[in-house]
Amino acid sequence: MSEERASFGSKLGIIMATAGSAVGLGNIWRFPYMTGKNGGAAFILIYIVCVIVLGIPCMISEFIIGRHGAANTARAYTRLSNGTIWKLVGYLEVLTGFLITGYYAVISGWCLNYVYASVMGELNGDPAFVKNYFVEFSQDPIRPVFWTIAIFAITHFIIIHGVRNGIEKASKLMMPTLFVLLLVIVVAAWMLPGASKGIDFLLKPDFSKVNSDVFLGALGQCFYSLSIGMGCLCTYASYFSRHTNITTSAIQIGFVDLMVALLAGLMIFPAAFSVGINPDSGPSLIFITLPNVFNQAFSGAPLLGWAVSLMFYALLFLAALTSLISLHEVNTAFFYEELHISRKAGAWIVTVFCCIIGALCSISIGHKSGLSLFGLDLLDLFDFVTGQLMLPVVGFFMCLFVGWYIPKQIVIDELTNWGTLKFSFYKLFIFVMRFVCPLCILAIMLHQFGVI
Ligand code: PHE
């Protein structure tokens, strides 16, 4: 391993930065909705099994590749594959990260706008007003682009300060803030009249809703939520030290990610149920349903409503920002190492190109822009191509790479920190990477295209 390569300074820094990548919009806007739709606690149980059986082993695999490759994701794969065709998986991970960065920034920019709108009290009004606010904002040709650029400016600023002074410092500040905000909002939501109905709904297992869709939904959610297959885990692992225990780190990060997702559910459902609104999914949940919930739930205490709304969007913004930083870093590391330029120059390339992608995605949402491909606006298109096509393909080959291709000794060395740690599940781990994970991912893909 090269001596000068940047590294994280502490164990806490590693957990905070990597959990920062994992904890994102997927935890807050997708998980609660999936749980509500797919049988409450029954879904949560299946999800937990997916995280343990598939998510954590895949995370460990990305850590193995990243730490052993000690370079950006593309070069790490190239090194471990001795330049054979397997290196394409690394390049594909970088490309997926690149494409996701642009559109993830657009949604993150929306969150930032809503922080601003909360501060200014712009979201107060009846449901029709709130809906109209979102439609007008998201279709405006300028405002969302402005916020996308603003969020890139913040990300860029953090990235150019390097791994330890930028990413690690920022994560150590932002992640604890995020937890505190989350806990405060959960408590505020639970104090609302009728909140217990929401908790009951979320925690009551309904096994009658469990079918193959639910299993595959849990699997897809688990991969997305843990940031598997986009180079983020691999890139961050290249900054781990030789003493980092990658197995326990993966377990801790998986646990934090799960806790945030559960707490998000325990915040959104009680609040929504207390005013009799059924939570929606995706953008409409975050940007239309929830402002209404806050307005109605706290109509008797407007100042509290103002504070909760502000805290919620700040929480969302932090969750999105730490994920965006990890996506940006995948590409920054790629450009500066492959083009032999400075870190700053690499970061500029990513920022400029991703700003352009983000701006195009943002503009294409407006009805009149005419900017679309295959009948989808660019935001949906990027989401589909990366999330539903590229991610599973990359994940599938990553499992085969670790399970079948790379020398077993490398896996053993990485799991035991060159013989200094005990790791008794080696055979089980290899079995999971060889058979269980690839077959499950294959099932997700076939299911997505209606084959099974
Ligand atoms: N894991 C993030 C979330 O839950 C999404 C993400 C995926 C972020 C990949 C970075 C990289 O929202």
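For all residues, glycine too, the Cβ spot is worked out from N, Cα and C.
Just so it is clear, the model here is predicted, and its values are computed rather than measured.
Taken verbatim from TrEMBL:
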TRANSMEM  12-29  transmembrane segment
TRANSMEM  41-65  transmembrane segment
TRANSMEM  85-106  transmembrane segment
TRANSMEM  145-163  transmembrane segment
TRANSMEM  175-195  transmembrane segment
TRANSMEM  215-239  transmembrane segment
TRANSMEM  251-273  transmembrane segment
TRANSMEM  303-325  transmembrane segment
TRANSMEM  345-365  transmembrane segment
TRANSMEM  385-407  transmembrane segment
TRANSMEM  428-449  transmembrane segment
Count, for each of 12-29, 85-106, 303-325, 345-365, 385-407, the Cβ pairs lying under 8 Å from the transmembrane segment (251-273), and report the range with the highest count.
-> 12-29
When only pairs 6 or more apart in sequence are counted, do the transmembrane segment (12-29) and the transmembrane segment (175-195) reach 3 or more Cβ pairs under 8 Å?
-> yes
Sort out for me which stretch, of 85-106, 145-163, 175-195, 215-239, 303-325, has the most Cβ pairs below 8 angstroms to the transmembrane segment (345-365).
-> 85-106
Look at every Cβ pair spanning the transmembrane segment (303-325) and the transmembrane segment (428-449), keep those 6 or more apart in sequence, and say whether at least 3 of them are under 8 Å.
-> no
Where else in the chain does the transmembrane segment (385-407) make close Cβ contacts, counting only residues six or more beyond its ends and a cut-off under 8 Å?
-> 58, 61-62, 64-65, 77, 80-81, 86, 89, 92-93, 95-96, 99-100, 103, 220, 223-224, 228-230, 430, 432-435, 437-438, 441-442, 444-445, 448
Go through the chain and flag residues at least 6 beyond the ends of the transmembrane segment (428-449) whose CB is under 8 A from any CB in it; none is fine as an answer.
-> 53-54, 57-58, 60-61, 212-213, 216, 219-220, 223, 388, 392-393, 395-396, 399-400, 402-404, 408, 411, 415
Against which stretches of its own chain does the transmembrane segment (145-163) lie, if we need a Cβ under 8 Å and a gap of at least six residues from its ends?
-> 6-8, 105-106, 108-110, 112-113, 169-170, 239, 320-321, 324-325, 328-329, 332, 343-344, 347-348, 351, 354-355, 358-359, 362-363
